[in-house]
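The following features are taken from TrEMBL:
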type	residues	note
DOMAIN	15-114	domain 'Nodulin-like'
TRANSMEM	16-36	transmembrane segment
TRANSMEM	66-88	transmembrane segment
DOMAIN	141-293	domain 'Nodulin-like'
TRANSMEM	180-199	transmembrane segment
TRANSMEM	205-225	transmembrane segment
TRANSMEM	245-263	transmembrane segment
TRANSMEM	275-298	transmembrane segment
TRANSMEM	390-411	transmembrane segment
DOMAIN	390-552	domain 'NFD4 C-terminal'
TRANSMEM	431-451	transmembrane segment
TRANSMEM	463-482	transmembrane segment
TRANSMEM	488-510	transmembrane segment
TRANSMEM	522-546	transmembrane segment
TRANSMEM	587-610	transmembrane segment
Amino acid sequence: MVEVGSRVRGFLRNRWLVFVAAMWMQSCAGVGYLFGSISPVIKSSLGYNQRQVAGLGVAKDLGDSVGFLAGTLCAVLPLWAGLLVGAAQNLVGYGWVWLAVTRRVPVPPLWAIIQWHQAHHSLDLFRGKKTRNTSQYYVLVKKMCILIFVGNNGETYFNTAALVSCVQNFPKSRGPIVGILKGFAGLSGAILTQFYAMIHSPDDAALIFMVAVGPTMVVIALMFIVRPVGGHRQVRPSDGTSFTFVYSVCLLLAAYLMGVMVLEDLVDLSQTVTVLLTIILIIFLLAPIVIPILLSFFSDDDETLSALLMPSPRKEEASASTSSEEQQEVILSEVEDEKPKDVDLLPASERQKRIAELQAKLFQAAAVGAVRVKRRKGPRRGEDFTLMQALIKADFWLLFFSLLLGSGSGLTVIDNLGQMSESLGYEESHIFVSMISIWNFLGRIAGGYFSEIIVKDYAYPRAIALAVAQIMMAIGHFNFAMAWPGTMYVGTLLVGLGYGAHWAIVPAAASELFGVKNFGTLYNFLTVANPAGSLVFSGVIASGIYDAEAAKQAQQRHNSTLLAMPGRVVNMVSEAAALKCEGAICFFLSSLIMSGFCIIAVVLSLILVYRTKIVYTNLYGKPRT
C-alpha cells in the first residue's frame, strides 16, 4: 500500500504528466486560429465591412501576443493563478461577443465615446467655503475590439504557463518541447472545428459560445498539474523513446484530422458518423498519457521514483550552489576576455583543451591574489539576458523583425482565409480554416524537430531553418496572388507550414542566444511581432485593397442595374455589394506585397545566421555528422 501511494505521488510529480497536460491545454488554447470561421458570423450579424472586421482581427492578434502582464503574473504568482486569470478573460471576452451576436445583450458599437468625470475640491479664499469642480474627459474606443482583445488575451496566460513549466522541466530538449506545444496550439482550430461539427448546431453563433466555454473548462481542470516539477532530475535514457512516441501520435493525429476534413468535404456525413469520428479524435488526444503511466506505475527504475519524490534543495544549499556557479561564471567570462582570437578557429577538442588550461591559470592566479578577477559588464550571447539587455543587441532585433515580416504575413492569411476562399468561389471556408490549422501544426512539429537536428548534429544556427520556412511562405503568397487552379490547397499548405515553423524555431533560438532565466519575458516581447505585422498587412494593406476592389465592383453593379432597378432599391443593393469582393483581384496585390516582405525576412534571417555561427559552435561543439 505504501508503494502504491509513493507511485501515485510520483505520477503527480512526473514531468511527462505535466507535458501531456500542457499539450491538452494547448490543443484548445489557439482559439484565435478560428477567427476565420468566427469573423463571417460577426460581419453578417453586426453589419461590418472588411476593414472593420480586419480591425477586430488586429485586436485578436494583440490579445494573443501582448503578454507582458501574463509573463509578470506567471513569474510572481503560482502558475495556476495565472491560468485562472486567463480562463476568466477567455470566458468574459468571447462570452460577451456571443451575447452581442445573438442579441441577448445590446450590441456594443464598434466605435464609442467613453466619458469620465473627475471631481476635486478647492478652497475659495474669498467665499470661505469649499466648491466642487468637475473635469470631463472623452476617449474614443472600439468596444467590440476590446472584447475580442480581452478574450484572446487569455491565450497568452495559457501559452506562457505551458512553455515556462515545460522548458524548465525539459532543459535539454527545448526544440522538440516548444515545437510540440506550439504545434498543438496551432492544431486547436481543427480540433475545435471537429467538436463543433459533433454539436451540429444550426446556429453559426454557437461556435463563439463553444470558444468561450470549452477552453475555460479545460484550463480550470488542468491548472494545478501544469507546473515545474524539477525536471532536470528526471532525465532518463528512455526520453528518446518517449519523444518518438509523442511525435508518432502527432503525425497520426494530423493525418487523421486531414482525412476527416477531406471526407466531410466530399461526403455528407450523418450525425452518428460525425460523433464516432470525434470519439476517435479524443482517443488520439488521450494517447500520450500512457507515457507517465508506464514510467510511474510499471517501471522498475528505483532511481526514477526516488528522483520524483526527492524534496527540493534547501535555500541554504541552493544559495551556496548559486554562489559557486556565479564565481565560476566570472572566471569563465574572464577566460573569454583573455583567450586569443584564433582559439575559436581550432577543432573542438583542441579548443576545449586550450580554454581549460587558461581557466586553470586564472583560478590559480586569483587564489594567490596575483590577479583580480573582475565582473564584466553585461552577458554575452548564449548567457542569460534581461529584456533591457537584449533590447540593445542587434541579434535580438534581427530575430524580431524577421518574425514580424514572416509571421505577420502568415497571420494575415489566417485571419482573412474566409474572405479569400469566398472571393475565389469556395462556399465552405471552414475546410480551409481546418486545413491551415493542420499545416500550422505540422510546421511547428517539423520546425522544432529539424531545427534541433541542425543545431545538434551540425552545430549550425537555428535561424537557417527560419530562412527556409520564410522561402516557403514567399512561394505560398505568390501562389495566392496568381489564383491558379487549386491555389487554396497549395497556398494553405505552404503558408501554414512556414507560419507554424516560426513558432517552434524563434522561441528555441531566443533561449539559446539570450538564455532561459528570463525566457518568459523575452518570449512575450517577441510575440508582439505577430500583431504588429498583422496590423500593417491585414489592418492596412489587405483590408484596404479588398474594400477598394469591392467598391469598384459595387459601382459596376450599380451602373449595370441602373436602368433596370430604380432609386432606393439600387442604393440598397449597392450598399450590400460594397461589403463583398469577388474574384482573384481581391487579394492579388496584397499577396504579392506579402511575398516580397517574406523575401526580406529571409535576408534578415541569413544575416542572423552569419552573426551567430560562432555562438552555436561554442554551444554545441564540433558537428557529430
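The backbone N, Cα and C atoms fix where each Cβ goes, and this holds for glycine too.
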Which sequence-distant residues neighbour the transmembrane segment (488-510)? Criterion: at least 6 residues beyond either end, Cβ under 8 Å.
163, 174-175, 178-179, 182-183, 185-186, 399, 403, 406-407, 410-411, 413-414, 417, 420-421, 424, 426, 432, 435-448, 451-452, 461-463, 465-466, 468-473, 475-477, 479-480, 519, 522-523, 526, 598
Please average pLDDT over the domain 'NFD4 C-terminal' (390-552) for the predicted structure.
88
Which residues of the chain, 6 or more past the ends of the transmembrane segment (431-451), have a CB below 8 A from one of its CBs?
30, 33-34, 36-37, 175-180, 182-190, 193-194, 247, 250-251, 254, 257-258, 261, 264-265, 413-414, 417-418, 420-421, 462, 465-466, 469, 488-489, 492-493, 495-505, 508-509
Highest-contact recorded stretch vs the transmembrane segment (522-546), from 16-36, 66-88, 390-411, 463-482, 587-610, CB pairs under 8 Å:
390-411
Sort the residues of the domain 'Nodulin-like' (15-114) into helix, strand and coil with DSSP and give the three counts.
76 helix, 3 strand, 21 coil
Which residues of the chain, 6 or more past the ends of the transmembrane segment (390-411), have a CB below 8 A from one of its CBs?
61, 381, 463, 466, 469-470, 473, 477, 495-496, 498-499, 502-503, 506, 509-510, 513-514, 522, 525-526, 529-534, 536-538, 594, 597-598, 600-601, 604-605, 607-608, 611-612
